Amino acid sequence: RSGKSTKDEL
Amino acid sequence: MNIFRLGGDLAHLLAIIILLLKIWTTRSCAGISGKSQILFALTFTARYLDLFTNFVSVYNSVMKVVYLAAAYATLYLMYVKFKATYDHNHDTFRLEFLILPAAGLALIINHEFSIIEVMWTFSIYLEAVAILPQLFMVSKTGEAESITSHYLFALGSYRALYIVNWVYRYYSEGFYDMIATLAGVVQTVLYCDFFYLYITKVLKGKKLQLPA
């Protein structure tokens, strides 16, 4: 899921 | 990490530092919307709930702490230390008109219906509109100090650079996040008329005057 990997961004 | 995202983070950091310096050195928060600053503090709080549970990198954690500390320091300066200089009369945007729709939308459109994910989504939607009270205040006062317009330019550039980062990440690693991207586009579009005025006026040494 794309949402999860956003979490490496501020 | 890529140069677009790093550039975006540095532009964001620059904006926050410009604002703190402006308030601290002039000992005044005239022309600054306290309501937008409340929304930014709310945005970072909702987004960085995983500060202690999800370690990404030293850089990531340090920046999160800096953003949170700066946001609350700005609120302290505006609502406590230099409270007398806060321009209540022109900072009248109704926050509930921004917070409630962002919260409602986050409950409906999100990547996963979990507390952390919904709070993250809420922070994304809220950040997209958080500058509205500030832009509204500038339009009401009809002008902005040049330092304030530099602040807004850096702040607007940060998410514009993030959009470039998302395009880059899509082509380089197939990563995309429609929620963050669409909200980022909305957030950046809100600055467009300001960007135009900034480039055509402020960079020519004129004061930022909004057409009355």
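Here the Cβ of each residue, glycine as well, is placed from N, Cα and C on the backbone.
Annotations in TrEMBL come from automatic prediction, not curation.
Listed in TrEMBL for this protein:
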type     : residues  : note
TRANSMEM : B:6-25    : transmembrane segment
TRANSMEM : B:62-80   : transmembrane segment
TRANSMEM : B:92-109  : transmembrane segment
TRANSMEM : B:115-138 : transmembrane segment
TRANSMEM : B:150-168 : transmembrane segment
TRANSMEM : B:174-199 : transmembrane segment
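With pairs at least 6 apart in sequence, the transmembrane segment (B:62-80) and the transmembrane segment (B:115-138) have fewer than 3 Cβ pairs within the 8 Å limit; the two do not touch. Against the transmembrane segment (B:6-25), the recorded stretches B:62-80, B:150-168, B:174-199 differ in Cβ pairs under 8 Å, and the greatest number is found for B:150-168. Within the chain, the transmembrane segment (B:92-109) has long-range Cβ neighbours (under 8 A, six or more residues past its boundaries) at 33, 35, 38-39, 42, 118-119, 121-122, 124-126, 128-130, 132-133, 136-137, 140, 179.
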